[in-house]
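Notes for the one structure printed next.
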Amino acid sequence: MIKKFFITGTDTNVGKTIVSSILLKKATMSGYQTAGYKPVSSGGQKKSSGFFNQDAILLKKSSSIILSDREVNPIAFFENAPPHILSKFQKRSIKKEELSLGLSNITKKSNWILVEGAGGWYTPLSCKDTFSSWVKQEKLTVIIIIAIKLGCINHAILTEKAIISDQIKCGGWIANNIFPKDKYNMHYIQTLLNYIKSPFLGVVPYFKNKNRINFKKIKIKLPK
């Protein structure tokens with residue numbers, strides 16, 4: 001059975017990609033053929049073949065199957081701004097059919113796929129469509145990444161309610177410590193446990209060096 005998940009966050013810069021890389025590694029260790037997919041990205045670095053997004057690079061490295069840059073990230077904008085705005089200015093439309101085609105191609109190679117969105121749940125793809133409408137169309141199970149910081153509780157509750165109201169399955173949430181641990185972190189998480197009804201998959205600790213992560217020591221559960 002092929003498992004397909006969509007990673008969303010309570011905001012931008014909540015650590016979606018780092019958590020995605022951990023989940024991909026965990027799934028690989030569980031015997032799955034894993035693939036990370038970043039259908040739309042903004043903010044890139046120049047390469048000989050053009051430019052590529054850093055998040056997509058990490059997803060590619062964390063996947064167990066071999067994927068090309070284009071397979072991982074078919075739509076990439078160089079500037080760091082909302083994709084639908086860049087799409088308008090650069091006259092490069094973002095079509096849901098293109099996102100679906102990329103996902104379909106990866107599905108032929110992998111049985112555990114993690115799709116990383118951009119920003120939060122209702123990030124626009126165009127003036128008419130949001131990422132959430134595409135997720136619903138593809139029947140993807142959603143995982144919420146919550147950065148533990150001031151304001152995260154309200155954002156997390158709103159995000160889960162929005163997903164449920166869209167009649168989409170929420171497979172769980174992960175608390176991500178993006179700042180060095182302080183005395184209130186566990187109180188944030190305990191409050192979230194009281195309010196968020198979706199399965200709690202675990203806590204990702206703060207990493208001083210994100211290039212030296214011991215994946216085996218991170219105790220998060222894979223979504224079902």
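Every residue gets a Cβ built from N, Cα and C, even glycine.
Note that the coordinates shown come from a computational prediction; the quantities given were computed from them, not determined experimentally.
Per Swiss-Prot, these features apply:
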BINDING   ASN13, VAL14, GLY15, LYS16, THR17, ILE18, ASP55, GLU116, GLY117, ALA118, GLY119, ASN176, ASN177, ASN211  ATP binding site
BINDING   THR17, ASP55, GLU116  Mg(2+) binding site
ACT_SITE  LYS38  active site
BINDING   SER42  substrate binding site
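Residue with the densest Cβ environment among the recorded positions LYS38, ASN177: LYS38, by other Cβ atoms within 10 Å.
The recorded positions shown are LYS38, SER42, GLU116; of these, the one with its CA atom nearest the CA of GLY15 (ATP binding site) is GLU116. Distance from the CA of the residue listed as 'active site' to the CA of ASN177 (ATP binding site) is 23 Å. Of the recorded residues, LYS38 (active site) and ASN13 (ATP binding site) place their C-alpha atoms 15 Å from one another.
Cα proximity to GLU116 (Mg(2+) binding site) (within 10 Å) is found for the following binding-site residues from ASN13, THR17, SER42, ASP55: THR17, ASP55. The DSSP secondary structure for THR17 (ATP binding site) is helix.
Excluding THR17, ASP55, GLU116 themselves, the residues of that chain whose CB lies within 8 A of the CB mean position for the Mg(2+) site are, in sequence, ILE7, LYS16, SER20, SER21, GLY36, LYS38, SER41, ASN53, ALA56, LEU58, LEU59.
Listed in sequence order, ALA147, ILE178 are the same-chain residues six or more apart from ASN13 (ATP binding site) with CB atoms under 8 A from its CB. A separation of roughly 10 Å, to the nearest angstrom, links the Cα atoms of GLY119 (ATP binding site) and SER42 (substrate binding site). Counted within 10 Å of its Cβ, the other Cβ atoms near the residue listed as 'substrate binding site' come to 21, all protein chains included. Comparing the binding-site residues GLY15, GLY117, GLY119 on other C-beta atoms within 10 angstroms of each C-beta gives the minimum for GLY119.
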